[in-house]
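Shown next, in C-alpha cells, is the structure this report addresses.
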Amino acid sequence: MTQSTTPAPSASVAVSKENTVNQKTKINLLDLNRKQMRELFVSMGEKPFRADQIMKWIYHYCYDDFDQMTDINKVLRAKLKEIAEIKAPEVSEEQRSADGTIKWAIKVGSQQVETVYIPEDDRATLCVSSQVGCALECKFCSTAQQGFNRNLKVSEIIGQVWRAAKIIGALKETGRRPITNVVMMGMGEPLLNLNNVIPALEIMMDDFGFGLSKRRVTVSTSGVVPALDKLADAVDVALAISLHAPTDDIRDEIVPINKKYNIEMFLDGVRRYIAKSNANQGRVTVEYVMLDHINDSTEQAHQLAECLKDTPCKINLIPWNPFPGAPYGRSSNSRIDRFSKVLMEYGFTTIVRKTRGDDIDAACGQLAGDVIDRTKRTLKKRLQGEPISVKAV
C-alpha cells in the first residue's frame with residue numbers, strides 16, 4: 001500500500017482545549033472516543049479503520065506501546081510515536097481487603113484519586129472516580145470532606161478502567177474475574193464533569209473500546225438536574241440516584257445540592273431520563289445511606305415509599321460506612337430490617353447492600369484520595385471548629 005505524504009498533524013488535532021496542555025504536547029489517545037480517533041487518523045491521511053485497529057490494541061489487549069501493534073505498518077507506527085502516546089495514570093498504592101476487594105490510589109498530577117475493584121461470584125465491578133475531590137459537600141461522605149480541586153480528563157477516567165483491566169488481566173490468582181461492570185460512584189459528582197465523563201462512557205461501551213453493555217455501566221448522581229437531561233440526550237447508561245432522605249428538610253441538611261434542586265425537581269428529572277433510556281429497563285436504582293436516627297425511622301420509610309410512588313425504581317439501602325471525624329452513626333441492623341420491610345410491603349424491590357472493602361476504607365462513602373482543596377473547605381472547617389476527616393491514603 002502506498003503511504004500518504006500528508007504532514008503529521010499538530011498535537012492539538014481532535015483534542016479539546018481542556019485535554020491539551022500546549023502545541024508540543026503529544027496527543028494522549030486515551031482522551032479520544034472513536035469519532036475523535038477516526039478524525040485524527042483522517043487528518044494524518046490514513047483510513048478511518050486504522051483508528052478501530054488502534055482502539056482494539058489499546059482496550060482489548062491493554063497495550064500502550066505502538067511497536068507491539070503488529071498489524072499496524074511501521075510507517076504509521078513511526079508517525080504515531082511522533083505525535084501521540086497512550087498514557088494511563090499510574091497506581092501509587094494498592095490495598096487488598098480480606099473480602100477480595102482491591103483499592104488503588106491513582107496518581108493524577110500531584111494528587112490522587114481512588115479506584116476500587118469489587119469481585120463477586122458472577123461479576124466484577126470497578127468503581128471509578130470522576131473528579132479530584134467533590135464540590136457537593138454531602139455530610140456523610142468522606143470524599144466531600146476533602147474539598148474539590150478539578151475535573152478528571154477523559155484519559156484519567158478511562159485510564160482507571162484501562163489500568164485496572166491491565167492489572168487484573170496480569171493476575172493469575174484463582175477467582176480474579178475480568179471487569180464486567182463499571183460504576184461511576186467513586187470520588188466526585190459525574191454530572192459536574194459531563195464533557196469528560198460522556199466520552200469516557202462512550203469508550204467503555206464501544207465495541208472497539210471495552211465493549212461493556214450499557215446496562216452494565218452505571219452513573220450515580222446526587223441530583224444535578226440540568227446535567228441529567230444533557231446526559232439523557234448524549235448517552236444511554238444505567239442510572240443510580242443518591243437520594244438518602246425522604247423529605248427536603250432532611251435532604252437539605254445532608255445533601256446540600258437539594259437546596260438548589262429539591263426532591264420533586266430531582267425525581268421529575270429522573271422520570272424524564274427513564275422515558276428516554278433503554279439501559280435502565282424502565283427503572284432506576286435509588287441509593288439510600290442508613291444514618292442512625294437521622295433518616296432511618298419507620299415513619300421515614302413510609303415517607304420514602306410515598307415519595308417514590310411515581311418513580312419506577314429498586315432501592316439499595318446502604319449501611320453507612322464511618323470515617324474519622326464524621327458526626328454520624330451507622331443504623332443498627334434491626335432499624336435497617338424494619339425500614340426494608342416497610343418498603344417491601346409497598347412493593348419496592350429493596351436490597352440491603354453488602355459492605356465491601358471497609359477494612360481498607362474502600363466501601364461506599366469512604367474514598368478520600370489526596371486532594372489539594374481549591375474550595376478552602378477544610379480551612380473553613382478548622383476556623384469554625386468543625387471535625388475534619390483524615391485522608392484514607
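Each residue's number is its place along the chain shown, starting with 1.
Quick reminder: no glycine exception, Cβ is built from N, Cα and C everywhere.
Note that the structure is a prediction, hence the values are computed from the model and not measured.
Cross-referencing SER220, SER297, SER340 against the S-adenosyl-L-methionine binding annotation in Swiss-Prot, which names GLY188, GLU189, SER242, LEU243, HIS244, ASN321, picks out SER220. A strand conformation is recorded for CYS127 (disulfide bond) in the three-state DSSP classification. Geometry remark: GLU114 (active site, proton acceptor) versus CYS138 ([4Fe-4S] cluster binding site), CA distance 18 Å. Counting only the Cα atoms, the space from ASN321 (S-adenosyl-L-methionine binding site) to CYS141 ([4Fe-4S] cluster binding site) is about 9 angstrom. The binding-site residues considered are SER220, LEU243; of these, SER220 has the fewest other C-beta atoms within 10 angstroms of its C-beta.
The Cα of GLY188 (S-adenosyl-L-methionine binding site) lies closest to that of CYS134, out of the recorded positions CYS127, CYS134, CYS138, CYS141. Those residues noted as binding S-adenosyl-L-methionine (GLY188, GLU189, SER220, SER242, LEU243, HIS244, ASN321) have their most widely separated CA atoms at a distance of 19 Å.
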